[in-house]
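This report refers to the structure that appears directly beneath it.
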2 protein chains.
Amino acid sequence: MNIIIDFEKGAGLVPVIVQDADTKEVLMQAYADKEALELTLKEGYAYYYSRSRKSLWKKGETSGHLQKIVKVMVDCDEDCLLYIVHQTGAACHTGEKSCFFRELIK
Amino acid sequence: MNIIIDFEKGAGLVPVIVQDADTKEVLMQAYADKEALELTLKEGYAYYYSRSRKSLWKKGETSGHLQKIVKVMVDCDEDCLLYIVHQTGAACHTGEKSCFFRELIK
């Protein structure tokens with residue numbers, strides 16, 4: 001890996017944006033630590049770090065709603081990732097395709 | 001606002017994903033505190049909180065690269081926002097349209 005991800009700015013974590021490769025819909029946002037990113041790149045499926053459970057987490061491991069990685073993009077200052085994925089089933093635990101299914105009322 | 005944003009989980013900040021309303025390209029990721037979100041909703045242009053400068057920041061205030069808000073979406077657990085915007089010029093300070101212009105080498 002030629003690009004060094006700045007995990008320190010976020011106390012060991014970087015935010016990950018997840019986008020559907022086909023529809024370009026933003027599906028969810030989660031966090032990755034170094035281990036989660038390495039496993040994601042190695043296995044080609046999305047891994048995250050759960051802040052609430054304080055542990056590594058393979059998306060869809062129990063639900064079957066896996067995210068197959070198409071591309072991993074990094075932002076200009078190397079402290080945020082964008083996973084472009086093929087999503088099996090729903091990304092959201094509510095059953096919605098995307099976690100962003102509600103608009104804030106202005 | 002009927003939805004209560006959980007700013008506390010991120011020590012007063014929530015990550016904001018910014019997506020182009022027309023192309024659906026993910027443009028950047030930044031952070032908002034309560035004041036930034038309120039100004040965004042009130043004025044219809046994107047405001048953020050800069051972690052490095054520790055201050056409120058109107059996107060494009062100096063560069064002219066404003067982000068006109070089309071919609072503000074919130075995720076299922078109310079700790080992340082998605083701004084759908086009309087971007088004037090480039091979103092990235094490098095001159096690229098999106099901050100995610102590089103792919104991580106696998």
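Quick reminder: no glycine exception, Cβ is built from N, Cα and C everywhere.
Around A:D77 (Mg(2+) binding site), taking its Cβ as the centre, 14 other Cβ atoms fall within 10 Å, counting all chains. Positions annotated as Mg(2+) binding site by TrEMBL: A:D75, A:D77, A:D79.
Residues annotated as Zn(2+) binding site in TrEMBL: A:C76, A:C92, A:C99. According to DSSP, A:C99 (Zn(2+) binding site) is assigned to coil rather than to any helix or strand. Long-range C-beta contacts of A:C99 (Zn(2+) binding site), restricted to its own chain and to partners at least six residues apart, with a cutoff below 8 Å, comprise A:L27, A:M28, A:Q29, A:A91, A:C92.
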Using Cβ-Cβ distances, find the residues under 8 Å from A:D75 (Mg(2+) binding site) that belong to the same chain and are at least 6 apart in sequence, listing them in sequence order. A:L81, A:L82
